[in-house]
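> Straight from TrEMBL, here's the annotation block:
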DOMAIN    B:98-268  domain 'Phosphatase 2A Regulatory Subunit A helical'
REPEAT    B:21-59  repeat 'HEAT'
REPEAT    B:98-136  repeat 'HEAT'
REPEAT    B:175-213  repeat 'HEAT'
REPEAT    B:214-252  repeat 'HEAT'
REPEAT    B:346-384  repeat 'HEAT'
REPEAT    B:385-423  repeat 'HEAT'
REPEAT    B:463-501  repeat 'HEAT'
REPEAT    B:502-540  repeat 'HEAT'
């Protein structure tokens, strides 16, 4: 008799079915609730009461600005959305008021009195500025984990919507607004880019872009603070959710840089954008980053050398996935490179490419070998084949015999064929000397080993003597 | 080899140029392969040794300073090496030669490299004479402090405190000025670095300057626009508070601390909470007491809000960490505040938390009960504690149930046997029939710990009858639980109870219709064998095992045979022991002892010895010494002598 049958046959006492270890009774929800979080922490306590106001359209036009201000003040009240049951009526009231305000700033004329500016900024600040809540998971991996969504989004979204309409409104006057939308405001805005909620970051992107466009006096400050965020991200925390969004804004900012580029901008490229490549989560913002880099090079081709040298310095050692990204970015750069710049960096560059081509990871090798399908790159290689061929030859020759992946071997044959057609004399020469070159390398290697052995003997002797074991 | 001879005859002389041309060595440091370059850098001391002190100073170091552009990995190794280079450049007299390369390394972007360079600079600063410190080291610090890029200024922050105590008062004034400047630096990175070194710097300053300089810097940093700076300032508070006389604390430190405790950023509040007990020790209690209640209330709301609200599985580490820090701080406060204050101010908070809807918060409070117990005694809490425990004991999440089971022995110890019997005993028994195996297992283990606490007699009266009663349960899982309990309890209950009460039940269960129960009988007999007397073993256990060894189920057969052979091996080993060490009387008497448990110890140790002997035989004699130490803590004194005998014999053999 099987155990299963036994135990069900034995089901007599009421407590027994609770104990049946074979049925999976543990209560478990089929799907975990989507995680939500909010940092509107302190609003618990007494229920909130707001006195309902009439609709703006129901009052005569002269009274509207006054009512508009009152509504803005009411909307400064922040509700606790983690408690889904509290203040339901008032939450709904605020939502409809915000909706009304959004419509109002979009269509109305003459509402933006000078008194309205501080009230708008105050309402926006009260709602959006907050210390972001701690992440739910210790190591939040944006590629794997679901983002924690902002619980108060039903209100927050409308506030953002309202603020963007306000900034875009024809009546909006930056000269008045700059008193309220100042450095401190921008700083807090930038900190919000760390929000885990992608919807919020998307709105923030538009807001920051509008502010950058309309407030000339804040531009340098915004760039500097973004710098600081990136440097902290690269060198201190490796954690900031809004890097891609900030880079996207920077892409359009770089596009608008005047020529010749200021030293500040060049420094930003070399000291901030290039080191961003070292971050573990590169894949999340690589497209935007590569776009920024290429924008710079299109502006000023003389930056090619420092950029490529920078990439070579930070070339991934162990992460093949990142290596493929680097190769992709490099191809984008090579697409726009000037031949005079190419000559300057071809040696270190092709030494790296030669290493990639012989990578045991076939995706890396394949990505590098695809360069030979790019007509412009091919033309550059052809012009400089006397330099590039000797660098590449040994790797290519070896892979053609040794690589485990037949697709790679096939690609390498094509490349070798292309080289042979390009410069057959040099090709033959390199083929002829391949063996002796390898032997020379081996000999050198042996000499190195001997040198180190001698050095170590020496150290041992000295070490012993200084320890007093061998009397001097 | 000529090189060895050379060195042999000219001890103390510098390396020979013809043998180790700098070019060859430098080629190694320049090798195209990063890995080889890294290897060479890691053996930089070897190269320096080959060059001798003078050429290291005049050729190697300038080369390193000039060609500092390399991969961060290589730079990191270099920064580390240079910290240990003093003797290789000719001792403390020449140590300042190491400053130029380290200065460049202290300005690179990569944080780990920079930090390592600063660490090495701090190390070699101690090897500078006071004069060299002023002539060479301090100017370097100044250069770094006024560097263009933030990296050098960040590095400078870590160097002030190491040179301050040993320079003249004029230079001291300059250093203080530089530090002040960096505390209000334009970039938050530098301000963070300065804030994190504030405490360390305060410690080396004269008291007057602590009051005049440090306090204002502390106040400024603690109200920085970035919370990442503010929280580091809070961290410095602990060291600053210890430096000040009590009477100044209220006016100089408390306002800032209070403000930080109510900061709008939870990160800052968390840091205050985390450092609270530490700070408290150094602050006068009465001073802080005014603010404590309001602050705790804020934290309590944090505590609840930091918990995940949804029905998630176990919370992630960060949150758990944050919460337990807060909970343990609150619980830890009771020791600082004393009995009356705890009852008046903290008790209501504990009670509130015991009713928290988040089970983790309740658990955290319960798990830190011992702190409160020391101060006010657990009786004060017991009335509120009980509902909380009962509720946790029946929580829908088995991990929560598991956690509360693990605190049972602790609770039982503190509440005492009476309270336990009255209120908690039923819970402990109910867990034995939980539908999750992990809970049943933990419950079994819990019973064992309880018996260890309350003794065999208590066991006999309260739990053993209940456990044995389950042997007749219709559910085979319950019947198996009886066996698991017996396995766990036999040793703690002792020979008498085991033989007279438990063994008959186990033997009877060998006729169970479920094979799982039967093979667990075999396992149990193997397990409790050592506790039984040899008579019972021979007359009762052996026949049953032999019967089970012919069972129709192959698993039952297998485990029965295992148990039989285990018993046989024991016996054989006991005989062997007498044979191997005939001279050792202790050992022989132990082996012949009638007490089974003592015999078993001998057997275990002999097995260990055999194991060791085989190891010793194939290893270097110089290593044998360390082996016995490995076993020592577990063994009785007689067994030690056995060990030394074993090793001694092996020693003699290898020496022959």
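Cβ atoms here come from the backbone N, Cα and C positions, even for glycine.
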> Would you list the DSSP helix, strand and coil counts for the residues of the repeat 'HEAT' (B:214-252)?
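Secondary-structure breakdown of the repeat 'HEAT' (B:214-252): 33 helix, 0 strand, 6 coil.
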> Averaging the per-residue pLDDT over the domain 'Phosphatase 2A Regulatory Subunit A helical' (B:98-268), what integer do you get?
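Mean pLDDT across the domain 'Phosphatase 2A Regulatory Subunit A helical' (B:98-268) comes out at 89.
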> Could you put numbers on the helix, strand and coil content of the repeat 'HEAT' (B:502-540), residue by residue per DSSP?
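Each residue of the repeat 'HEAT' (B:502-540) counted once, the result is 32 helix, 0 strand, 7 coil.
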> Using DSSP, what is the helix/strand/coil residue split across the repeat 'HEAT' (B:98-136)?
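Grouping H, G, I as helix and E, B as strand yields 30 helix, 0 strand, 9 coil.
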> Per DSSP, how many helix, strand and coil residues does the repeat 'HEAT' (B:385-423) have?
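With helix first, then strand, then coil, the repeat 'HEAT' (B:385-423) has 35 helix, 0 strand, 4 coil.
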